[in-house]
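Structure, as structure tokens:
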Amino acid sequence: MYSFERLFRLHSGKEHLRKKRIVVPHSTEDEELSELLKLYKGNKIRTTKYSLLSFLPKNLFEQLHRFANVYFIFLAALNFVPVVEAFQPEISLIPIILVLSVTAVKDIWEDYCRFKVDHLINRLLCHVYCSTQKTYVDKCWMDVRVGDFVRLSCNEIIPADMLLLYSSDPRGVCYIETANLDGETNLKQREVVSGLPLQGVEFTPESFCSRIECENPKNDLSRFRGYIEHSSGVRIGLQSSNLLLRSCTIRNTETVIGIVVYAGHETKAMMNNSGPRYKRSQLEKRLNMDILWCVVLLIIMCLSHGLWLKNLNDPVFQVDDETSPALAGFYVFWTMIIVLQVLIPISLYVSIEVVKLGQIYFIHNDLALYNEQLDSRIQCRALNITEDLGQIQYLFSDKTGTLTENKMVFRRCSIYGVEYPHEENGKNQYYCSYALKFMYLCWCHIFNILNNSVIRSVIQGNQTTFGNGKCFLFLKTKEVVPDPQLVRKLKLLCSPVVHLSDCSSGNTSTLELSYITDFFLALAICNTVVVSSPSQSPHEVNTGQESKREAASLKEMDSDGDTHSELLYEAESPDEAALVHAAQAYCCTLRCRTAESLLVDLPGLGSLAVPLLHILPFDSNRKRMSVVVRHPLTGQVVVYTKGADSVIMDLAETPKEHAQEIYSHIREQTQKHLDSYAREGLRTLCIAKKVPLLEEYDVWLKDQLLAESSIENREELLLASAERLETNLTLLGTTGIVDRLQEEVPETIETLQRAGIKVWVLTGDKQETAINIAYACKLLHANDQLLTANCGSKNACAALLEELKLEVQCGEGSMTDLTARVESSLGSVAGFILVIDGRTLNWALQEELKSNFLELTCRCKAVICCRSTPLQKSQVVQLIRDQLGVMTLAVGDGANDVSMIQVADVGIGISGQEGMQAVMSSDFAISRFKHLSKLLLVHGHWCYSRLANMILYFIYKNVMYVNLLFWYQFFCGFSGSVMTNSWVLIFFNLIFTSIPPLIYGILDQDTPADTLMEQPELYQAAHTSKVYVPNMFWITVLDAFYQSLVCFFVPYFAFAGSDVGELSFGSPINTSALLIILLHQVIESKTLTWIHILVLVLSGSSYFGFVLLFSVLCVTCSPPTNPLGVETLQMSQPLFYIICILTIVMALLPRLLLRALHNTLHPSAVLKSDQMDRMNAEKYSRRMLCWTRSHSRGNRLSVCADNAGLEPSVAEVVS
């Protein structure tokens, strides 16, 4: 009875798990809840693919997904059937076993590396509360269960997703670093669940009797829904700020205690750990098609025996009377399939993987792609699409952090409609990277953050050091030089003799001073900045009256001293830090932040505690953030808001009649300043405030508390609540922050465009800002014609697209006539540049207008998409990729670029200032935009050229060798006999000719790197004249057929009428075939080094060594034939060498002649470039030789830098 009830409870518990999760302490006395906790997954993780029992079947099943493996396994099994047996069955197993074994060993090694990481992580220790011992004991991570209380100290890594119940910080907060999770090194604040006992007092798990109900495990890192029900029956809503996520690190907090709610593979970190995506390259897709053609060719060759025998009056091969002719033909067909199986390159797939690993090794170790400042090199996260780097046609780039530095400097501001240009800030935008590294080491020493270096090296993706974090990169933004005009006005606040009501000396009204004060107060407090100092952690900065200092006199603003240089600001974005430092430059300094208040220094007022009532965080839908505070002087509730100008200007209040003229003037002037900032390429933010009525605030507060405690639709309710409060705002002013371009961005974009790559910029910035940046990075030139698309409706968008198409069509003719003159004068080709905003783009991407938009963009040299959302970015990339069938590349640095990166054929992440989300979702990761030119133009070109030529070479050598066996069948009645022993037949492609193609695919260089960088047009030329296309495949097959004919029939006619055996006849054929194949590679190679020569010599030597030893030692190794003494006898006769030489010359001579003729009549761009380089070098050498001779005869002065008299004669000779 008990067992039945227990089973019933377990079943009901599983049903309940599908709806929601209930968590109680593990020591609960409730038997039903205790059984429920056991149903949750443990904390042990396992990222390996195989186990000891599952490896063999699972790995074999995965390898059978490749058609070639299935094909060869089938043929190996077929060879065991006696009626179709072609040669020894055991020998036929060697190639497929070797290929499967090599792949299996690679998979085992990769899985073993994952196992070691899992084992190390699972064995990490943490402090878990034991109810029987009434204390915390050490337990391995894998032994932690849902419902356990875990205590963590500073710098320890969180073992599971835990609900924060206690913090040693009296404010009930703790700080975590999420670098292991998303790559961001700035600290994030987490809060203890409200309603629990006072913090700072030791937490006792026995006293915790609350019940937690939350959502089932989900992979959304920023979302957590649930509530905690206290023993009193009160329910408190839970949010993501209460959750400590696995793999994050506790920082600047002595002790925290939490209860585990998700463990192991149900944690958000593990649910997001999907690993790198698998992408198939275009070359691999083409290869699969050609493999199928090889199968078709093989079937045709095998069926041809029937047609051949049918035309013979006296068949040379008779079947016995017991077997019907149809069945005999069926047997012969499969025998021929086994004999000619070498036509399918079994080792090609393994060779491709080896070659790609070699290519990635050289890319990874290229010093030109190494960033010494950040100590980071390129990361190749996708191992199977390196060749696609050489076929890119469209490049989609983010702007902020990708083209620009994403290191902000406060440049300008406008307050009360008055602009303050801050001219000196534009001259002070440099910082010292070595100083940053030094400060990082000091910070590490103080906080001892290097204790966890072992685990940091274990968890993948955490290659970003804390020194590269945002808190130190923001040190340079401190260098803000106050504007003199604004300083004079602020001095009035400190003057004891000048009252706010009488400001005639500065022509400054009371209202303007009020705007200025509120403006800088908003800059200081409207953020989520964490304040700390080198000697104190954020929660240790004193907030009492004893720590308050008198504000520095504004007279000291003109000096270079920094009265608060000890403060460190750790912000979630560079914009926030730049604004806080700007406020600090005007002595409006954020000194400390707590959960309930902010300590701010105000000019003339000293340190004031500002009660913090609410924070309405930034939201991509609202495009703004707000703080609700109680003003320290007036006691009023004030809402300070900052956000995008397009949003704040719409939310500005309608002025009353008596103030209409003032407010209208402020709004009008501010809008002018915004437009001016955008034209200068500055990032703009509007600052506003609101003083709600007490009744209005009370009503809003009730709705806000209801939304915060809500379980269902919590995000929607919070969004609606924030929008209700953020209305009728008073516009205070605007800020302009400069985000300078990365180094060599203009040169890189110009180089990519010369390479035939269309560059699109997809950004969320304003249209004017994007256009200005486009001019700065040379995407947009003075001679280009700008097309703008800004529409408010779908019909207007359709009409505008048609109008722009006509304009482009009419303008192309006239622009073509002027291109030569414009190009000669300005150095660039004129074209059309389309600039489209997000709202119009939304219409253009719809099905009805998609074709018109595509037609228009195809005629434009570049496209700039402004105010675009992450979804629109991915939609644009997908549209171009699918509709035009082109190779696309997307590059970005932030989380908003992830979808675009994943949709593109090749995704590249830049490890910048916005975390590592883009890097973790990318195929390749670089540190600077300028690295794209070397990556694409050099490595991309080489990878594609090498791999394409290697595949064609593999197909050539297999077709060439298998045709030797095919021609022999015409003389043995298609019996399946071969003129060589089985061992040579198997090892010919597997060993003797397998290594040279690998070296060819890894080291060959058709063009030097310097030439490819200096002449980007070679990238486009290689793209238009692709190496691996269908016609090249069939040309290669035909060439292989011709060479096999020569290689077979020259020995055949040489031995005609003699009595040589089949092995003696096959000896010169095998030797000639090997040398032809090796010399064919020498002809095709563009680069010959000592490595190439060594490998070629070793390949030839291995063949001769094997056949000679086989001929001397083996008597019965290859029944029914006897190879004893055959090779030694053949190689001792002159005829053998005459046949080999004649065969090699006749086989390779046509290829040499045709290649020479083609290069003469239709030289490739690479060849033209090489010829020009040689001509220029020879011409320069001749001129210098002539100059040297003329000056030596004339006894002129020796060449010297100070000898100006040499210059005219040099000019005469060179000219």
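The backbone N, Cα and C atoms fix where each Cβ goes, glycine too.
Taken straight from TrEMBL:
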| type | residues | note |
| --- | --- | --- |
| BINDING | Asp398, Thr400, Asp893, Asp897 | Mg(2+) binding site |
| BINDING | Asp398, Lys399, Thr400, Glu576, Phe618, Lys642, Arg683, Thr763, Gly764, Asp765, Arg867, Lys873, Asn896, Asp897 | ATP binding site |
| COMPBIAS | 546-560 | compositional bias 'Basic and acidic residues' |
| REGION | 533-560 | region 'Disordered' |
| TRANSMEM | 287-308 | transmembrane segment |
| TRANSMEM | 328-350 | transmembrane segment |
| TRANSMEM | 951-971 | transmembrane segment |
| TRANSMEM | 983-1003 | transmembrane segment |
| TRANSMEM | 1032-1053 | transmembrane segment |
| TRANSMEM | 1065-1083 | transmembrane segment |
| TRANSMEM | 1090-1115 | transmembrane segment |
| TRANSMEM | 1135-1154 | transmembrane segment |
(request) Would you kindly check 951-971, 1065-1083, 1090-1115 and say which stretch has the most C-beta pairs under 8 angstroms to the transmembrane segment (983-1003)? (result) 1090-1115
(message) In whole Å, how far does the CA atom of Phe618 (ATP binding site) lie from that of Asp897 (Mg(2+) binding site)?
(response) 18
(request) Starting from the Cβ of Arg867 (ATP binding site), draw a 10 Å sphere and report how many other Cβ atoms land inside it. (result) 21
(request) Ten-angstrom check, please: count other Cβ atoms within 10 Å of the Cβ of Phe618 (ATP binding site), all chains counted. (result) 17
(request) Would you list, in sequence order, the binding-site residues among Asp398, Thr400, Asp897 whose CA lies within 10 Å of the CA of Gly764 (ATP binding site)? (result) Asp398, Thr400
(request) Would you mind listing, in sequence order, the residues at least six apart from Arg683 (ATP binding site) in the same chain with a Cβ closer than 8 Å to its Cβ? (result) Thr400, Met408, Asp575, Gly736, Ile737, Val738, Asp739, Asp765, Thr769
(message) Distance check, please: Cα of Asp398 (Mg(2+) binding site) against Cα of Asn896 (ATP binding site), rounded to an integer number of angstrom.
(response) 9
(request) Rank the binding-site residues Thr400, Asn896 by the number of other Cβ atoms within 10 Å of each Cβ and report the first-ranked residue. (result) Thr400
(message) I'd like the number of other C-beta atoms within 10 A of the C-beta of Gly764 (ATP binding site), please.
(response) 22
(request) Rank the binding-site residues Asp398, Asp893 by the number of other Cβ atoms within 10 Å of each Cβ, and give the residue at the low end. (result) Asp398
(message) Between the Cα atoms of Asp893 (Mg(2+) binding site) and Arg867 (ATP binding site), what distance do you get, rounded to the nearest Å?
(response) 17
(request) Using all protein chains in view, find how many other C-beta atoms are within 10 Å of the C-beta of Asp897 (Mg(2+) binding site). (result) 31
(request) Calculate the distance in Å between the alpha carbons (Cα) of Asp897 (Mg(2+) binding site) and Arg867 (ATP binding site), and round it to a whole number. (result) 14
